[in-house]
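What Swiss-Prot records for this protein:
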type	residues	note
TRANSMEM	11-31	transmembrane segment
TRANSMEM	53-73	transmembrane segment
TRANSMEM	93-113	transmembrane segment
TRANSMEM	127-147	transmembrane segment
TRANSMEM	160-180	transmembrane segment
TRANSMEM	191-211	transmembrane segment
TRANSMEM	243-263	transmembrane segment
TRANSMEM	276-296	transmembrane segment
TRANSMEM	316-336	transmembrane segment
TRANSMEM	350-370	transmembrane segment
TRANSMEM	387-407	transmembrane segment
TRANSMEM	418-438	transmembrane segment
Amino acid sequence: MQKYFVEARQLLALAIPVILAQVAQTAMGFVDTVMAGGYSATDMAAVAIGTSIWLPAILFGHGLLLALTPVVAQLNGSGRRDRIAQQVRQGFWLAGFVSVLIMVVLWNAGYIISSMHNIDPLLAEKAVGYLRALLWGAPGYLFFQVARNQCEGLAKTKPGMVMGFIGLLVNIPVNYIFIYGHFGMPELGGVGCGVATASVYWVMFASMLWWVRRARSMRDIRCAERFSRPDVAVLLRLVQLGLPIALALFFEVTLFAVVALLVSPLGIIDVAGHQIALNFSSLMFVLPLSLAAAVTIRVGFRLGQGSTIDAQVSARTGVGVGVCLAVFTAIFTVLMREQIALLYNDNPEVVLLASHLMLLAAIYQISDSIQVIGSGILRGYKDTRSIFFITFTAYWVLGLPSGYLLALTDMVVPRMGPAGFWCGFIIGLTSAAIMMMLRMRFLQRQPSSIILQRAAR
């Protein structure tokens, strides 16, 4: 039992900085929304529309690069640190290629925005302007993620946290300058948020690169000291590992976007209640998401050391800690749901609906925690293809259709409205949690030679 407590301490030591980094990232989005809203409601709406297109695109690239973390962790655990620099260099090449693809998509996002039903022309113009400013930050963001994944693969999660807060602190004054036009800069309104955020991503990358080059613990890993051409074999391996993660993230983000669209015709009260519950549950999701990143590092490191038993200890401890955190957040949600809803809105009908939906959110928090930590475990085992199939099946084959039937039809029960979609979330996330755990057990029961051979690829 002692080894599980020791492992839990190590996991939390890795996870807490990741949690704080996520908080900083979320706060940046909050600052953009508030400061754009202070300029005008139209600019705030433009930032919201632009962000809804930016997030799926950039998270696809982010997911692709997550493959680097278990690769670096495994090489570090096996004592092959001399090979890490080559993997990271190829990670930068991959980030560059994906950045170009994302920038092309975002530059042409005007076609998506203009096709929206009854959208105001001025709003559409501002949303396109915001995206065309923000897209120049895509390379900076993805390069930052490569450097961050290198650090996290080496069990250094604090640098990502520090750079996240540097980005947040820089974002506020730069937003002010470009939104309102100070110090000789043009007054851009909501578009200025895009300029500021793009600039901040490059600042975060430059700061992280400076830290990596200065850190004593990484002096033997010199990624920038020699140029290396794209290595097709390494790039293909990173894509093979990262593409299923990227697609899983994309399907998860688009699921919630589709549900938001399906809820929108139900009326202002339903939309507001749904959005409040979704926003709060997203904040709670930061805890298991960060723990999943820590579990990936620990499992990858243990497999690199050649110890499948210790990898199992890391995996089981991660699930146990995740369930404990989820029970705590679920109890907090149940007890404080009305007070939480009142922080967002004081309309009694909205508060009542949001409180009811948060009760359903509390139910699925345990499943959500298990499934996301299970995904982190499978990343550590480099079994990323399963993540894609499980996520797609749970969300799009089971969760969304069942939610649609419960929310908008009378086929099973009388129409439940937004609560039906949240029941669908419970079905989807619980299914994902069960399948993730079954897959984990299947992998762990394989002979050690097969597990270590897969991890070493």
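Note that Cβ sites are derived from N, Cα and C of the backbone, with glycine treated the same way.
Using a Cβ-Cβ cut-off under 8 Å and counting only residues 6 or more beyond its ends in the same chain, the transmembrane segment (276-296) has close neighbours at 11-12, 14-16, 18-19, 21-23, 26, 69-70, 73, 152, 157, 256, 260, 314-315, 318, 321-322, 325-326, 329, 333, 340-341, 344-345, 350, 354, 357-358, 360-361, 365, 368-369, 372-373, 375-377, 379-380, 422. Of the candidate ranges 243-263, 387-407, 418-438, 418-438 has the most C-beta pairs within less than 8 angstroms of the transmembrane segment (350-370). As a quick check, the transmembrane segment (127-147) and the transmembrane segment (418-438) miss the bar of 3 or more Cβ pairs under 8 A, pairs 6 or more apart, so the two do not touch. Two recorded stretches are said to be in contact when at least 3 C-beta pairs lie under 8 angstroms, sequence spacing 6 or more; the transmembrane segment (53-73) and the transmembrane segment (243-263) meet this definition. Taking pairs at least six residues apart, the transmembrane segment (243-263) and the transmembrane segment (93-113) share fewer than three Cβ pairs below 8 Å and do not count as touching. The largest share of C-beta pairs under 8 angstroms with the transmembrane segment (316-336) comes from 11-31, of the ranges 11-31, 160-180, 191-211, 418-438. If you look at the transmembrane segment (160-180), the same-chain residues 6 or more away from its ends with a CB under 8 A from one of its CBs are 17-18, 20-25, 27-28, 31-32, 35-36, 39, 43, 144, 148, 151-152, 186-193, 195-197, 199-201, 203-204, 207-208, 211. Proximity of distant same-chain residues to the transmembrane segment (418-438), defined by a Cβ-Cβ separation under 8 Å and at least 6 residues beyond the stretch ends, is recorded for 255, 259, 262-263, 266, 270, 273-274, 277, 319, 353, 356-357, 360-361, 363-364, 366-368, 370-371, 374-375, 377-378, 390-391, 393-395, 398-408.
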